Every structure is written in structure tokens, then in C-alpha cells.
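Swiss-Prot has this to say about the protein:
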type: TRANSMEM; residues: 22-42; note: transmembrane segment
type: TRANSMEM; residues: 107-127; note: transmembrane segment
type: TRANSMEM; residues: 133-153; note: transmembrane segment
type: TRANSMEM; residues: 172-192; note: transmembrane segment
type: TRANSMEM; residues: 208-228; note: transmembrane segment
type: TRANSMEM; residues: 269-289; note: transmembrane segment
type: BINDING; residues: HIS271, HIS332; note: heme binding site
type: TRANSMEM; residues: 302-322; note: transmembrane segment
type: TRANSMEM; residues: 324-344; note: transmembrane segment
Amino acid sequence: MAVKRLNDNLLTPVQKRNRKQIQVWLYSILLLCLAIVLVGGATRLTGSGLSITEWKPIHGVIPPIGVEQWQEEFLKYQQITQYKLLNRDMTLSAFKVIFWWEWAHRVLGRLVGLVALLGLIWFWATKRIEKNILFPLIVVPILIAFQGFIGWWMVASGIGQSNLTSVSQYRLAFHLITACLVIIFVTYLSRGLTEYSEKPANQKVQCFAAWLVILVLIEIYLGALVAGLHAGKVYNTWPLMDGQIIPDGLLQHHPYWLNLFENPLTVQFIHRFFAYFLFIVSALHAFYVQKNAPHSTHSRRAFLIFFIIIIQAILGILTLLHEVPISLGLIHQSMALVVLCFAVAHWRATKGAYRAVE
């Protein structure tokens, strides 16, 4: 079996058609994943994540119907710590609001799983999948199913005998990162099916682009810890942190390493300064790509990513100064995903398209 680099002369019209159809399917999955994360962010910001205390993958699609079922669902919520300590005065009407956010988040998760699985079955049954991309495409629905399990594992941290009034920040961060890994994987696959007129960048540019993706992912993880600890509610000043560059109280927990994950002051401090680091690295990356691939699409993409990161930094500052209103919080989270998608697409484009197998 001969393997040749993909170009317009090697791909048959049928191969081109198949790749474009698979791309549409993958982009549909990607859009659904982005929507899920956005709704998940709203679920978190509105304190809705623990409103559904059971995991019913099939029957959970049907919401309560009638007053009796709603009362039954509300009674289940009243058994958890969040209700007992924070929401004792909550009415049924208020409960319905938080219920619908969590329900929408879960239903979207089921929908993207169905789209991924049914699409894979159809493309495989109609023999439209090339052998060299079959395994990666099989991994997509598996990753989505795993992410669904992680979502329930996260919710379980705040129900039952838990003393938490919200989900564990560790599990929240892990849940968001696994969602980002799905987004990275799908973006990488879909961009690999694109036909590029530009030749692949050199190995060093490809490596730098990959590291940029990793740094963006780390910053998103730190942002998830900030969200889980409500750390955006402290140090609502910029550029100084309540008048200091390095504020007091960063190492108040013992052992000291615990501050990295459980001290809201420390977590926000790290999130801020890692953002500065990412800003500098993205600038260096843009100029490095321009030097190694001058006036190329690789260079233009690198500067575009740098520009998007600037916008994201401004959004982060505004979100902090306004003490994380839901609107700005969601915009900031959404832009983080935009940065991630662009960084992954850029990285994949520096490598060229998937090879055509004859």
C-alpha cells in the first residue's frame, strides 16, 4: 500500500466529497461541544449544577411533567447540602430555573453523543472513511461518552453525604479539561481533512504551535479552578492586586502546595500571571513563525491568535473588575474556547493535511 502526501492531484472527486462530508459532521460535533461548554458555564455561574441529583442517561431526557413530578424533583434537591445551607428559602419557581439549566446541559451532552455515534456508523457503513482516519474517528464518540461519565462524577461530589455546597473544584476543572480535550481532538481531525495550498511549516514551527496549545489548555484549567473556588470574587482590581504586585495570604494553607488548588487568592494570582506568560509566548510565537515562514498563511494565523489572546486578556480584566457577572463570565469562557480552537487549527495546519492512502 503506497502512502503519498495529499494534494489536489492525488485525491479523487469521491475522496474529496467524502472528506468534506466528514468535515461537516465533525464541525457539527464541535459546535455542539462548544454549546455544551457554554451552557455548562451558565449552569455553573447560576449555581444550577446540583439541581438534578440523579443520573438517568435514558429517562433523564424527559423533564418533570405536572406539579406532582416537579414537587418530587424539588424534594430530592432539598436533601442535599447546597439547599440546606444556601437555598432554604428557594421556591419551586426558582428551582425550575436552575433545573432547566442543568437539564439543557445534560440533554445537549446526549445529543452530541448521538450525533457522534450515528454519524460514525453511517460513514463507516457507506465506506466513506479512509483507513488511516478510521481509528481516530472511532475515538470521538468514546471520548464523548467518557466526558459524560466525568460530568456525573463531578456532580456526585456535591450530592449524597457530601458537605460541599457546590461541586469539587478539582472535578470541575477535570470536567472542563476533558471537554477541551474532546474539542482539541475534533478540531485537529477536521482541520486535517482540509486541503492546504501552503506547504507544511518546518518542524520547529510545528513544535512551537503545539506548545502554544498546551499553554492555552493549562490557562483554561487554571480558569476552571478560579471558577470552582469563586476566586473571581477576590482581588477585583487591576493591574495590582489590592495595591500589591504579590499580595499577602498566598501561602496561608498548609502544606503549602495545597494553596495551588484550594486557596482562592493563590489560584487567581497564578491564573493572572500565567495569562501574562501566555500573552508573551503568543507574541514570541507570532514573530517566530513570521521569521521562519514569512508572509505565509502560517504567519497570518499566528498573528491572528495573538490578537485573539489580547481580546481574551481584556475580557478577563473586565470580568474581574466587574466581579464576574454572568454575561461577562460566559463571554470570557467562550473566548477561551475560541482561542483554543484557533490554536489547535493553527497547529494542525502547520503539519499539512492527512496523507492520502492509495
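Just so you know, glycine gets a Cβ as well, placed from its N, Cα and C.
Taking every recorded stretch in 22-42, 133-153, 172-192, 269-289, 302-322 and counting its Cβ pairs under 8 Å to the transmembrane segment (208-228), the highest total belongs to 269-289.
For the transmembrane segment (324-344), the most Cβ-contacting stretch among 22-42, 133-153, 172-192, 269-289 is 22-42 (pairs under 8 Å). Listed in sequence order, GLN312, LEU315, GLY316, THR319 are the same-chain residues six or more apart from HIS332 (heme binding site) with CB atoms under 8 A from its CB. Listed in sequence order, GLU219, LEU222, GLY223, LEU225, VAL226, ALA231 are the same-chain residues six or more apart from HIS271 (heme binding site) with CB atoms under 8 A from its CB.
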